[in-house]
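Swiss-Prot has this to say about the protein:
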type: BINDING; residues: Met74, Cys75, His76, Met112, Glu113; note: substrate binding site
type: ACT_SITE; residues: Asp127; note: active site
Amino acid sequence: MPLTHLNEENQPKMVDIGDKETTERIALASGRISMNKEAYDAIVNHCVKKGPVLQTAIIAGIMGAKKTSELIPMCHSIMLNGVDIDILEEKETHSFKLYARVKTQAKTGVEMEALMSVSIGLLTIYDMVKAIDKSMTISGVMLEHKSGGKSGDYNAKK
């Protein structure tokens, strides 16, 4: 399969989506941040000096989705209909799992926006509690589901 972001001279290009049909596009991505017990407890007990960590991560994730085309060179700038972020507390592993669901009516999908949303949300958590635990790990950032468009639906294997 030829790469769509290269022209005949093997130079980068942005794909022309002008002839594509506008359809509903949805993408769900997820990722996890793991930390020590002290950092986890500080977040859930709202004792972080920088402020409300999880609420700030949600706002940052929304901003990340909106700014995707400014940071990923070949991403199209598209209007987003909605970004919904959910953060699950995983007490036994001192982790948080962040989910981002992005929706649009467009000629191209929102997978990158969902992945960017997760990444920025998790990085925000790291930034806000790095004074407590610099050894935090971000892992498993992945596309869980996408629907709409020519390639159809995708569901990650569980």
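Heads up, the Cβ atoms here are built off N, Cα and C, so glycines get one too.
Residue density at Met112 (substrate binding site): 22 other Cβ atoms are found within 10 A of its Cβ, drawing on all protein chains shown.
Excluding the listed site residues Met74, Cys75, His76, Met112, Glu113, the same chain places Thr68, Ser69, Ile72, Ser77, Ile78, Thr108 with Cβ atoms within 8 Å of the centre of the substrate site Cβ atoms. Of all the binding-site residues listed here (Cys75, His76, Glu113), Glu113 has the Cα closest to the Cα of Asp127 (active site). Cβ contacts within 10 Å of Met74 (substrate binding site), excluding its own Cβ and spanning all protein chains shown: 12.
When other Cβ atoms within 10 Å of the Cβ of His76 (substrate binding site) are tallied across all protein chains shown, the result is 16. Taking every protein chain shown into account, Glu113, Asp127 are the recorded positions, and of these the Cβ with the most other Cβ atoms within 10 Å belongs to Glu113. As a whole number, the greatest separation of Cα atoms within the substrate-binding residue list Met74, Cys75, His76, Met112, Glu113 is 12 Å.
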